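Q: Here you go, one structure.
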Amino acid sequence: MRINDVILRTVVKVVILIILTLGVYLFFSGHHAPGGGFIGGLVLASGIILLFVTYDIETIQRKMPFDFKKVAALGVFIAAGTGLGAIYFDLPFLSHTDGHFKFPFIGDKHLTTVTLFEAGVALTVIGTLVTMILSISEDE
Amino acid sequence: MNNIIVLPLIIPIFSAVVLVFLRRFAAVQRLIAFASMLAVSIISFVLLELVRKEGILKLDFGGWKPPYGILFVADSFSVLMVLAASIVTLFCLLYAFSTIGDRHESMFFYSFVLLMVAGVNGSFLTGDIFNLFVCFEVMLMASYVLVALGGEKVQLRESLKYVLINVVASSVFLIALAYLYGTVKTLNMAHIAERVSEVGQDPILTLVSLVLLIVFSLKAGLVLFFWLPGSYVVPPAAVQALFAALLTKVGVYALIRTFTLMFPHHPETTHAILGCFAGLTIVLGCLGALSSRNVLKIAAYNIVISVGFILIGLAVRTETALAGSVFYLFHDMVAKALLFLLVGMMVYLTGEKRIDFMSGLIRNYPLFGWLYFLAMLALVGIPPLSGFVGKVLIGKGAIEAGSYVLLFLGFASSLVVLFSLLKIFLSSFFGETIITNEDKKPLPKASMASLVSLAVCIAGIGMGAEQLLAYVQDAVKTLANPSIYIDAILSDSDSEGV
């Protein structure tokens, strides 16, 4: 049975961009302001779940052919990997560093390794959350 | 820099994650899981030697000095526990290879085992009480999955109870932490210990410690063990053995750590209650073990008895008794794993769980039968096997402290353990065999190898008690003098004027 939900579909097409942008913004703002991998990941995951709710699972899975369990695992892999990186440089586990780099055209940028760790956290959150919702929806 | 301390946590997590990507390749999964636990065992052995040479080691994550950052601390006690946990997991994995089945293997079984071990090792090594909560949760999350994996009706029923009781316990744990943080304004264990001894352990702090006592009792199966015999007997044998060897022991570890390091100042309240709990646990556990005729239930009640017995040592808290507790804890992790694997193998071979329906197993499987006999002797505490030294030391400590009631209960429980295990031995191993040669299932080779290795470990712990006692004494020195622990953690941050 298909519900006639033109309004929902149309609104979601616009809103999803805003949600995903907000998620990415929150992710990057986390370094100095409220935000970060966990919160950014939650917002991104809620965007993806909204897509699943609006369209059906098959359509979205055709467009996003990821196994979200593996996304979560990849997240933990990256986050734990940054900790191991510190061990490789003989610093205490989970030490992070940062630096200013000059790029052509965009100029001086402040890059940190914490961002990598946070990316891992974000992927873990997205993967776990979407897996949970999908497994609940399969349970019929 | 002591990055080696974090390896027992990070290696299992890392391999667990890698295994998720290798879902279809069971053989590779086995290899990686086994190799990583072997690596952790070797590392913990190296770490044990390092701690004995250099004293307590610590690792401040990300270079944040205590009490501000979280940290891992390796003293002899925690590293001994990590060592036992890693060895037990290694052999339980070996047992699982031939018995667990494809269905479990393709549902991330090895990943969850490794994550659980990571949680267990983290709980042993952490020096921050909130981090202890987190590691408990990591361990419990993985164990929820392992209880329910397989999806049989009885598993789902018991896992629901198991999850509920642990969620309640964890929330109470969190509330206790909030009280603690509100009172002493720190979560670093050494810092808590320092502040508690500075302000004196006033009634509020004693109350907080009692809330923690209840929480850890629930986890350890001390008095509040009503959930344990039900939920520990439903998963496959390898998982049962892991649970029996590791999960309750983490609770026992947390109790010992809390009441030797952080709240040792009012023994007339806290340790008296611990003593009552220990005695009560032994009595109730014995009743359970005597009344049951289900092999799995008998083994599960034996866990309860040993938890009570170990905590006698904490309740009387002389150095000898604490040494006995640490030694017995180490022994019990290995011996309980062996017992559960043996009992699981009996169920696998006969398809029965009640002792009345099994008979004459020793005629079909002589080596298997004698391994059971060996495990029984070790659990009862017959020299030269591993249980003996621990029991003697706890008994000696109880005499020193004049706790004759606990002494009596402890040694009476040994008789009950003997009786309950002998009941299985006489009715299931001796007697007329009911398995004909045609029906006889072959013993899986890998499982047999793991049983034999664990039995060798038990004999080794018994024979090498002298060497092991050196480490145990070192552990007890720290437990009996919390100032050693506190100084090791906080001294260098003081010198920098933090």
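Even glycines carry a Cβ here, placed using N, Cα and C.
Caution: TrEMBL annotation is automatic and unverified by curators.
Note that the coordinates shown come from a computational prediction; the quantities given were computed from them, not determined experimentally.
From TrEMBL, for reference:
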- A:7-131: domain 'Na+/H+ antiporter MnhB subunit-related protein' (DOMAIN)
- A:7-28: transmembrane segment (TRANSMEM)
- A:34-55: transmembrane segment (TRANSMEM)
- A:71-91: transmembrane segment (TRANSMEM)
- A:111-134: transmembrane segment (TRANSMEM)
Q: Among the recorded stretches A:7-28, A:34-55, A:111-134, which has the greatest number of Cβ pairs closer than 8 Å to the transmembrane segment (A:71-91)?
A: A:111-134
Q: Going along the chain, which residues at least six beyond the ends of the transmembrane segment (A:111-134) come within the CB cut-off of under 8 Å?
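A: Tertiary neighbours of the transmembrane segment (A:111-134) are 27-28, 30-31, 36-38, 40-42, 44-46, 48-49, 52, 57, 68-83, 85, 94, 96-101.
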Q: Could you break down the residues of the domain 'Na+/H+ antiporter MnhB subunit-related protein' (A:7-131) into DSSP helix, strand and coil, giving a count for each?
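A: Here the numbers are 87 helix, 12 strand, 26 coil.
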